[in-house]
Amino acid sequence: MVFSSAKPRGTRPIRRQINSKRMFQDVHVMMFIGFGFLMTFLKRYGYSSVGINFLLAAICIQWNTLCQGFFHMHDGKIEVEIFSLLNADLGTAAVLISFGAVLGKTTPLQLIVMLLIETALFATNEWMTIHIFHVADIGASMFVHVFGAYFGLMVSFVLKRDHRSPKEGAVYHSDVFAMIGTIFLWLFWPSFNASPGIGDQQHRAVINTYYSLAACCVTAFAVSALVSKENKWDMVHIQNSTLAGGVAIGTAADMMVHPFGAMIVGATAATISVLGYRYLTPRISKSLGIHDTCGVHNLHGMPGILAGIVGSIVAASATLDEYSYNLYRIFPARAPLDGTEDLLGVRNHLPDIEPGLNRSASEQAAYQIVVLLVTLAISIVGGLLTGLIMRISFFGSVSKEHLFDDEPYWEVPEEELSHGHQESRTYQPHKREVADSRM
Amino acid sequence: MVFSSAKPRGTRPIRRQINSKRMFQDVHVMMFIGFGFLMTFLKRYGYSSVGINFLLAAICIQWNTLCQGFFHMHDGKIEVEIFSLLNADLGTAAVLISFGAVLGKTTPLQLIVMLLIETALFATNEWMTIHIFHVADIGASMFVHVFGAYFGLMVSFVLKRDHRSPKEGAVYHSDVFAMIGTIFLWLFWPSFNASPGIGDQQHRAVINTYYSLAACCVTAFAVSALVSKENKWDMVHIQNSTLAGGVAIGTAADMMVHPFGAMIVGATAATISVLGYRYLTPRISKSLGIHDTCGVHNLHGMPGILAGIVGSIVAASATLDEYSYNLYRIFPARAPLDGTEDLLGVRNHLPDIEPGLNRSASEQAAYQIVVLLVTLAISIVGGLLTGLIMRISFFGSVSKEHLFDDEPYWEVPEEELSHGHQESRTYQPHKREVADSRM
Amino acid sequence: MVFSSAKPRGTRPIRRQINSKRMFQDVHVMMFIGFGFLMTFLKRYGYSSVGINFLLAAICIQWNTLCQGFFHMHDGKIEVEIFSLLNADLGTAAVLISFGAVLGKTTPLQLIVMLLIETALFATNEWMTIHIFHVADIGASMFVHVFGAYFGLMVSFVLKRDHRSPKEGAVYHSDVFAMIGTIFLWLFWPSFNASPGIGDQQHRAVINTYYSLAACCVTAFAVSALVSKENKWDMVHIQNSTLAGGVAIGTAADMMVHPFGAMIVGATAATISVLGYRYLTPRISKSLGIHDTCGVHNLHGMPGILAGIVGSIVAASATLDEYSYNLYRIFPARAPLDGTEDLLGVRNHLPDIEPGLNRSASEQAAYQIVVLLVTLAISIVGGLLTGLIMRISFFGSVSKEHLFDDEPYWEVPEEELSHGHQESRTYQPHKREVADSRM
């Protein structure tokens, strides 16, 4: 997210607040319904998928308000406005992505430890890369998706152990529940990618994301049928790889990629993603010992890297002729230096443009790649260290028979008995007492 | 949709774009969550209902962008803006309605063939009836609902075969899944009907649709209890007929029907719809050999025809006194001819009104009916021809034992075994290899 | 809801209408998806939870349009605009809360009787307390939540009987369905609380509700683990108590509580709510004979009373220095009297402020408590009387074996048989005839 392209917060007009509220509401649905239900494919981990996602996200939006707020204080205070809520949600996505990598294999306390450290590192990386490197990443594909994916994979690596479990799978209706998550993520991803932008920049991001996702969806279905057993669709691909286009277009969403460009990116992302699920994820698990429950490497990791590369390539070809003065909204560092006549010339057309660093297109493209590498470095090192901290026995660990199982943390109804009915957890606790007294 | 009442696209102000974005987002949810989950009532076709709906819609929004765009080119280019995304979604609805008629009985390839032809015909019909006939149909009840329903029914007729299957039914939880679809469609239908409008016109459409749906819902429950076995509610009626009011008010939604008028329309639509499910659909299947899986004739077909008739009647009584100059927003063909003093007089009040054809109310009403008939004709003939093309053996066909069954297209978990547990499709493909190697 | 702080309806500008439409859409989702699915935890009452919620809400929005409209007539007419739809939805919440208290224990006809009386009393109470007492309750925590909860509890008390039933409980997937309801309510509650407000007032309500809910969620998880068997989370708490913060901050949401204040309120509400579910609800049922199916006392009742108290305390400390002239938007009764110079002074800054009663902060705080007590009184007496009317045998009653059971009202698929397959309700009624003729 590039803050300096937006008006300073204190002067944000009411219409912008209204617009932020709607974008915020869409992103909010993605974090809690989208991520929460996407992970309910696990047949005995549904309560935890939705419930622990809920808990982690609720902690994260509060901790993010502080962490992100520390970097943007005014007069020693953190200002909270609608845009702060949106930002906190965007940062929460990184943690939920990491959660997806370790889903079913950690205790809630381990996850909270991970959240606290990861969020602080996330906010630091976000600030550093905006205020030191000044890059464009409107959809946060590097900040959030690459960061969250590799952080989570490193945590999973450090927590390596024997993960084989018959509970690591779906049943018919849990796969349908997961589609609730998939579809809501797919529907609102244009808002996610467009939310930090304003005006034309925002609309371009919506349109590019929409077409990237459309092409991604169709390609994911096609490639899945090509590579799967008996050429049948694999629900894993349909639930996840159909979303890869949203990630892959994220960095360049507000740039002039044109709909056909967005669609090429989306189709490429879907292909990489499905091939990843089919061939790469099993090998990474066997050979490197990195078990990736939700396959976040295929939805957030590789598509995020693709996004960074695409962003760099498109940035390299961005000219004033093509973008007009909007160039400086998307790439603030390319604006003329403070006090120059060029800056005055720009401000005749767009009065709110801040002074920049007068970078050339190639320089900007180079910085885009630098940030991708820095983000990878921080997330990998941060994930390794956090994983080591999470191994402290005080935070607990999940035994083999309790992998991918709600039972250690939730009061769960008992299994179905052979005569076809199910003993249920009665709603009123006292009923058990009553039942007991009647026996 | 009547384009000529809107400002030319290139000059659409930012506030309109924001408003379009919200309406677009609501319609987007209807297409992917609403239609997708409404069709999950089929107990063994849940993956396909949500998944194939997802795939078809993703193809359709791209193909529609082209088809609709061809009719609105500027300087040999198709302009893409937020309104284009909305329009593409609206056109997708027609194909998804047809999908509902043939649900469970076609291969995915047959459906893609249907989509390609239907969308091209849809866009042609839409353009023809707007730019030749100049009718009002803000909710697209004729363009989309009548068109999609009868197109799909004709395809089903041509693909006639023995459709009896024990899998054509619901189980308890699949009916609850379907209610997710029903409720989201019901909630956002006001946005669907109002989306092409602006200002007062848009708000009137929201309000009229809201009250039509409310009356429709209550009436559907009442009539369902009246006609069903043991006077119990039939989930089929509750899932579908509660929505008929949204279709039936669609053409007249922005007209001065007043809330009570909208409620009469909604109640009528619900009655027709429930009676159709109970008595008409079985007879049509037996006598005419048109099998209608989702009963689209009762939700989209007959209520759509009702909408066209209501629209005509209300148009016949539309006067300048009643509507003031907004009359020309709703019925652009009634605006004065170009160059006349009357037009200048109108433009003193509403500067954006385009020149019209100076039609009288009766003439407009007649054209409304003409368009209904033309739409019926194109959809019926188009459906018949498309059905014939779909029978080409290259596109495949579904065998009797695979009707209403995900199994030919999806990797599906195996059936529940008698000792109460279910073998599941494990999430990581390599797990099968690991499992195999341990055997 | 305080109407007099808003512009007179006829003069509401278009931007306000657009903003109302979005808030309305969020509240609309809460009523139909949120409440409807939250109640699907009951394993054999899923059709009724979603379906009867759908029916009651559809009746209620129409009846509310009339009841609320009667109190705001202009020239003998009820004006209907987007804000009317929002208001009707807000009033519907009260009835759905009462439905939660008696869920599974009444016939649909009894519920309709309850709805008709309750809505009329609700609209009267709302009008009385705004136009006689002039209090602030932007999130309607007193008007709707306290009112609905105690009304429903009194109805449940009057309908007292032996409620023990093995069907009063959840199964694994019904608890996951219920989380759909929980999460959508949690996501859109900021809109619910903020919807009657404008400008800064609205944004403050969104932000305060968001942080209250975040703190509430985390606290609910913590307290649930503390008090539950084996320190495991109880889904009942996670489904309901995570929302208590939205209720508890409702009255003071637009006041200057600051985010930390909102979080204290949210954490307190969660604690009260979980302790209520664990200890209070069973005792109330045993000792007082008030059976509360959904535990509305713990989510709407006690948190609503907390909201009223918090609102009073914060109102007591509200000064012109702290709030500037926005004080008179939030507390219209504190505005200067008509014709005074003070009023002219205020109108120099905010021209739309209506004349007030020149109340002091303490006077306003006292009235806040008075309204809380009046609302309790009307809801309790109204609930008792309505319960007595509902006992009239013409309206039917639910037999013991049909408690918490869809079967009396819905055509439901038969139970699963021991050989693992389920006979289903086939979608096409004629299929039963065909099947019969083949036997």
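Glycine is no exception: its Cβ is also placed from the backbone N, Cα and C atoms.
Residues or ranges marked as domain 'Ammonium transporter AmtB-like' in TrEMBL: A:23-394.
As annotated by TrEMBL, region 'Disordered' applies to A:416-439.
Per TrEMBL, the feature transmembrane segment maps to A:54-71 (among others). Cβ atoms under 8 Å from those of the transmembrane segment (A:54-71) belong to residues 31-32, 35-36, 78-80, 84-85, 87-89, 91-92, 95-96, 99, 108, 111-112, 115-116, 119-120, 122-124, 126-127 of the same chain, restricted to positions at least 6 beyond its ends.
Per TrEMBL, transmembrane segment is recorded for A:83-103 (among others).
When Cβ-Cβ distances below 8 Å are used as the criterion, the transmembrane segment (A:109-128) is approached by residues 1, 52, 56, 59-60, 63-64, 67-68, 70-71, 91, 94-95, 98-99, 102, 143-144, 147-148, 151, 155, 374-375, 378-379, 382, 385-386, 389-390, 395-397 of the same chain, each at least six residues removed from its ends. Summarising the annotation, TrEMBL assigns transmembrane segment to A:109-128 (among others).
As annotated by TrEMBL, transmembrane segment applies to A:140-159 (among others).
TrEMBL lists A:171-189 (among others) with the feature transmembrane segment. Listed by sequence, the residues of this chain that lie at least six past the ends of the transmembrane segment (A:171-189) yet keep a Cβ under 8 A from its Cβ atoms are 26-27, 29-30, 33-43, 46, 209, 213, 217, 235, 238-240, 242-243, 246.
If you look up TrEMBL, you'll see A:210-227 (among others) marked as transmembrane segment. Residues 186, 189-190, 233-234, 237-238, 241-246, 248-249, 253, 259, 262-267, 269-271, 273-275, 278-279 of the same chain, all 6+ positions outside the transmembrane segment (A:210-227), place their C-beta atoms under 8 angstroms from a C-beta of that stretch.
If one looks beyond the transmembrane segment (A:260-280) by at least 6 residues along the same chain, the residues whose Cβ comes under 8 Å of a Cβ in the stretch are 207-209, 211-220, 223-224, 227-228, 234, 236-237, 240-242, 244-245, 247-249, 252-253, 295, 297-299, 302-303, 306, 310, 314. Among the features that TrEMBL reports, transmembrane segment is placed at A:260-280 (among others).
Among the features that TrEMBL reports, transmembrane segment is placed at A:301-320 (among others).
Marked as transmembrane segment by TrEMBL: A:365-390 (among others).
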Where else in the chain does the transmembrane segment (A:140-159) make close Cβ contacts, counting only residues six or more beyond its ends and a cut-off under 8 Å?
1, 90-91, 93-102, 105-106, 114, 118, 121-122, 125-126, 129, 192, 247-251, 288-293, 296-297, 299-301, 303-305, 307-308, 311, 371-372, 375-376, 378-380, 382-384, 386-388, 390-391, 397
Give me the mean pLDDT over the domain 'Ammonium transporter AmtB-like' (A:23-394), rounded to a whole number.
94
